[in-house]
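Colleague: According to Swiss-Prot, the protein has these features:
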- 574: L-isoleucyl-5'-AMP binding site (BINDING)
- 618: ATP binding site (BINDING)
- 902, 905, 922, 925: Zn(2+) binding site (BINDING)
- 58-68: motif ''HIGH' region' (MOTIF)
- 615-619: motif ''KMSKS' region' (MOTIF)
């Protein structure tokens, strides 16, 4: 038999079957940087509508982890998709550079006793080094951005503009100084922001403590309970606490005004307990008790008890925050160490200088504190319990495992500790309106802004709303060295800021703009204050790093990168923890400065967990490093994994999951390779066929592609990337692989190379390739560029310099789709029958079969519409269509062909050998080889 392979139009392409991503991707990255692709994209997009995704800055410390990779890849997908959608979508990456973690790194390397200016210099150098390390890894992921000109919160211009932002808050009255309990970390030696506190289980002592009644208050207490006199027994009001270390600082006792409290007679004396908790409390104390009387909490207001071991009073105050869900229903109040306690005591007139605060910054009691001076609060706990037992005030002692505040950096317990700090006020400022009369409070502005913001996923709105509604004032001052200063001068006697503070803030900002934050720390106050210098102290506090990142809408979008940006940003995108972090701080500063959020929408992604849903940790050995994935499988696989995962929940990753992603990629690549290989000899300008002259099935493929593009571009706009991956998979596997290109192979391979039928098919494939390449480019960016180069585009060109592909216009798409869906359903039934023949060993390939299809109604009409090309659609050597009256009569009859097989097209036909010169060929192949070529109308 002659070899007719060379007479076929065999597919050919330089696009390899194997991607070799890990080896080839670095070359693409280098190419993009060499030809300054980001700048070219900016130039191509100039004048389009802006879409600004503002980058939440990662902290400049340590290598990037898988969470960073997820975040940056999601951002890149969005920025690229918006660019392709016709927007000018710049991406300016940023870094958070100040703060304690970097200070700690410098202390580790150089010790704790460096001069402050030298420490700041080393911190700046360290942050710059870390940025370069992280930048290299982000670029390796294929993230396109202004990497040569990122924003850094330690840039002099950013530091200066942050001071100006602080000035705006000061000018509008949101900034105030006050004594309040704030989150305090002993290891940091500083206050913590809400976002720097995390909760972990902690085992704490749980004790019940009796405070004895003052002798001369017995009649008053009897009256409160409706009694004439009290029995001649000691009287205790009993509290329950898990923080014995706060007992030395007790200054009051809180009851709920509406709760019922009972006076209970026990062998140990008369006890005051909440009625709802009496039984459980007496069980803890192992005491029998008899209720003598009951009263509402309001009746106990201002009755005095005595501190268990110090000679001072502890009055009863009313507090709505007291609950009856645990303990005794009475809360001991140490106003220096609890926000509710502080509010309650100050409401009752307690002055700041009356609040007892013996715990020092390092967590030890002041040496002057009787019994416990010099001890750490944790070491003091058992000694305080012993002291309470010694004086007869310990009613019960045990332990409790509960969720407790910990420092996010040190993983050590933190406390509330009253210190004089600077706050951004959420409601009202002491002694004056928070803002100009008639305007809203910051809390009201922020809640309104939350309502006006679009959230992806939608549940984020309720979460952020709740956080804003319930949060305390924001403590923005820190007692640290490496940070943007709060450059105020405070009067030595009154503590009030200098009357020219706004003017002075701007003068400091101008100096910082030239010399960085050292300009403040090295400043001789006399240079700015003149003769006032003797009356004022220069502040040493620095700003919370969340204020650094939280004001980037001011310092970056309207500051260092204003020319490339837009305010407000279209989108902020971060992990779900940023509802209490960057989303939160940005919202507060935005509302304080501008009265609105600095973003139109917020998108949150979940955290990455291992294949079993467990949190990753080095100790568990389940960490997946993005660098390792890129080096082994390619960053493209990481990008595809991110896109294919529903990021609204936890993102699961493991070797097995990545292996499945590799398989998805392989299938997509093979489909694309087929498209490229079968358009290798095609030039759209030279060989393109007008859409009106395409075959019917090509029109169907075009309609499918248009439908896909509409879905995909819509999913990009809705940030639903996992749906895109699924849609591309289905299109490649089902619409193309299992149907269109399966049918198309005969026309592509066997018809004349330049026949209208083949060129029409190639034109359709070219448009499909163009559309898919652009649709996948935001996700599979390396592969899209590879395809772009293979399709004959100039080396200086890039898919990112274009927009979504403009598909040829086609009328009656809905009719075509509906008709061909009927044809596909009939074809599926034919394939089932053929598979049965194959299982019985009666046929091998489907071309060995001849079929008879019985159809009725719309199905018959659809099948009849393709005329004599039906057997091409069914991939059989012969197909007969018979009309029947009802669906019940429909069916498929199939049998092996009795004819010979053509040596070229492999169809079984009765006209084999009709040309004596080619006895092994069918008439169709003879026409295609030596005649004018066959005529195709539909397939």
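Note that Cβ sites are derived from N, Cα and C of the backbone, with glycine treated the same way.
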Colleague: Could you round the CA separation between residue 925 (Zn(2+) binding site) and residue 574 (L-isoleucyl-5'-AMP binding site) to a whole angstrom and send it over?
Modeller: 61
Colleague: List the helix, strand and coil residue totals of the motif ''KMSKS' region' (615-619) as derived from DSSP.
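Modeller: Grouping H, G, I as helix and E, B as strand yields 0 helix, 1 strand, 4 coil.
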Colleague: Note the Cβ centroid of 902, 905, 922, 925, the recorded Zn(2+) site, then list each other residue of that chain whose Cβ lies within 8 Å of it, in sequence.
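Modeller: Along the chain, the qualifying residues are 750, 903, 904, 906, 907, 909, 912, 921, 923, 924, 926.
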Colleague: Whole-number answer please: how many Å between the C-alpha atoms of residue 574 (L-isoleucyl-5'-AMP binding site) and the residue listed as 'ATP binding site'?
Modeller: 23
Colleague: Reported in the order helix, strand, coil, what are the DSSP residue counts of the motif ''HIGH' region' (58-68)?
Modeller: 3 helix, 1 strand, 7 coil
Colleague: Could you round the CA separation between residue 905 (Zn(2+) binding site) and residue 618 (ATP binding site) to a whole angstrom and send it over?
Modeller: 59
Colleague: What parts of the chain pack near the motif ''KMSKS' region' (615-619), using Cβ distances under 8 Å and only residues at least 6 beyond its ends?
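Modeller: Hits for the motif ''KMSKS' region' (615-619): 66, 607-609.
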Colleague: Between the Cα atoms of residue 922 (Zn(2+) binding site) and the residue listed as 'ATP binding site', find the distance and write it as a whole number of Å.
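Modeller: Given the Cα positions, residue 922 (Zn(2+) binding site) is 68 Å from the residue listed as 'ATP binding site'.
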Colleague: Would you mind ranking the binding-site residues 902, 905, 922, 925 by how many other Cβ atoms sit within 10 Å of each Cβ and giving me the lowest?
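Modeller: Taking 902, 905, 922, 925 as the binding-site residues, the minimal 10 Å Cβ count falls on 905.
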Colleague: Expressed to the nearest Å, what is the distance separating residue 618 (ATP binding site) and residue 902 (Zn(2+) binding site) at their Cα atoms?
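Modeller: Answer for this pair: 64 Å between alpha carbons.
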Colleague: Whose Cβ, among the binding-site residues 574, 618, has more other Cβ atoms within 10 Å than any of the rest?
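Modeller: It comes out as 574.
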